[in-house]
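This report concerns only the one structure given below.
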Amino acid sequence: MESSDIAESSTRWKGKKHGEDDVDLSNLDPSQRINSGMSENSAWAKQNILTFDGGGIRGYYSLLHLQKLMEYVEHAEKKAQDEAKGNGERVKEHSSFAPCGEPRHVSHYPSCPRYLPCHYFDYIGGTSTGALITIMLARLRMPVKDCIEEYKGLAGPVFGNPRTFHQVGKRGVIFRKNKFSTTSLELAIKDVVRRRGEIANDQDDAMLFSTPKGLCRAIAFANRDVLRDSPGVGLQAPWIFRSYDHYHKINGHDRRPTADGTTKPRNPGQGTRFAAWKVARAATAAPMYFKALEIALDDGEILPTRRTTTLKAPQLSRTQTSNLQQKANGIENTSRQVPGNRITAMLTDGGFGRVNNPSEEVLLELRFILKKRHKRIGTWVSIGTARAMSAPDGRPNILKLAKKGIEMVGDPEPVHERMLEESQREDNEFLYYRFNEPNGLSVDMDEWKPRGSGGNSGSQTMQVMDNAFATWANRVEVVKKFEQCAEELVKTRRARAKESISRWERYALGKFYVCTKNDCPYDPDETWHYRTNFIQHLKSDHGIIGPSDIENMLDECEYLWEYKSPKL
């Protein structure tokens, strides 16, 4: 595309539209705005990753980490802005949308800083409540302040009213009910998605988990039961929900090492094509706390849960145990086939297993994706939930013993140590930051004090986490790590916006174009994700070359992500 094309299209920003500021992009070097492929030195070639551990209610603690990081990001952005002004550049910005204008209703809180994690990270992934946070940040594109408020609002109805009698043990047999209401969990998740989803989606189940191309991507994890006929054995394999397609030629769910020592991706193929709330529901279905979710993998239909009133762990031989472990490693596909040749999977909380810290699984996933696209990891941020590794206190019961066993399996620190080693490999070096209190926090994953769903519900529990975090975040070494991480994230964001404004407005605003010309040779639902490409289409396919004519078509054919008003 010629420089004059860009100069013409840059006038697109001179007026206020969709909440935009008066931003003049004409002072940018035209060559920097051309969306003409990607070199290995491109700022877009470095992919930034954000992952969240699972931890139940301690997901609030994770959000405090991210909120603090984004505060340092804001400081770094303002510092860079002052330096740009000092160099004589014309700068007017107050959010991570810059140099684009900020849309309406990004936050439902007037004082909330408009620096969004989805503008700094290319992939956001999580397990358990970390998966719910992932959906709010990557799919709903929310600021951290809004995520925190939604998280607190969700926790009260879900954790504030546990069942008084939910498990009784006698002679090795467990009679159980789930500790919390699954219906309350579903309704709470649906409510968040309904109110905070894109304005085009008015129904709670209308917004899919899949993310539009060119925007921040989401990854969520659950556990898939591999033994439907032997409940209680406890062998499970991770299941990955992708908001994007990942096609890879493999045989079934083979995870054995390849010739170069890597493993093959889990359940590859078309990305998850069902509602975001169902992904959140499956990812947070913690055993003993909420019902498992049996779901059709083609369209996300939820099947009625088959009740199990008594469970007794079977006695297994060494050979049987080995065979079952192979299934758990994903070598055998054990999904159930239901009438109509539909394949289903029984899914539970991924935090109750090997992917409680999902970083390693996300790394394996991205190795295949980035290698094929000549991209690499730039900055990786892993956020924990301060999981305490302590013995059950008081008289042990079935639930406490089960919790201890789950802690041992889901300990996130070994994964952190391996990630630290991976980040320092000469052939795969990247910046790695782990934000977590390794000594743990004295808050159980289901703690919510005081109980109930009133205005004071959970205030004591949250205060404990607030106080503990404030102490940890003020440590000199922690402050330094926050500052370094924020500077790297800001440097990449600003370099991207300067390198290609066409790509940036797609990434920041979700902007795309639909041609309205009656004689268009493309299908009516064809979209152009980048302004430069759409201008080229207008010129090549419709012979529109006049600057004013192009400007009018841009106005007529432009769409972008629209946030819902708090009143909707």
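Every residue gets a Cβ built from N, Cα and C, even glycine.
Taking a C-beta cut-off of under 8 Å and a sequence gap of six or more, SER128 (active site, nucleophile) has these contacts in its own chain: ASP53, GLY54, GLY55, GLY56, GLY59, ALA283, THR284, ALA286, ASP349, GLY350, GLY351, PHE352, ASN356. In the three-state DSSP scheme, SER128 (active site, nucleophile) is classed as coil. Among the features that TrEMBL reports, active site, nucleophile is placed at SER128.
Cβ neighbour count for ASP299 (active site, proton acceptor): 10 (other Cβ atoms within 10 Å of its Cβ, all protein chains included). Residues annotated as active site, proton acceptor in TrEMBL: ASP299.
Residues or ranges marked as compositional bias 'Polar residues' in TrEMBL: 1-12.
Summarising the annotation, TrEMBL assigns domain 'PNPLA' to 50-312.
Here TrEMBL flags 1-29 (among others) as region 'Disordered'.
Taken from TrEMBL, the feature region 'Disordered' covers 252-271 (among others).
The motif 'GXGXXG' annotation in TrEMBL covers 54-59. Sequence-distant neighbours of the motif 'GXGXXG' (54-59) (same chain, 6+ residues past either end, Cβ-Cβ under 8 Å): 126-133, 151, 155, 159, 286, 349-352, 356, 384-387, 410, 441, 443-448, 458, 461, 465.
Remote same-chain residues near the motif 'GXSXG' (126-130) are listed as 51-59, 62, 151, 219-221, 283-284, 286, 349-352, 355-358, 385 (criterion: CB distance under 8 Å, separation of at least six residues from the stretch ends). As annotated by TrEMBL, motif 'GXSXG' applies to 126-130.
Secondary structure at ASP299 (active site, proton acceptor), as computed by DSSP, is coil.
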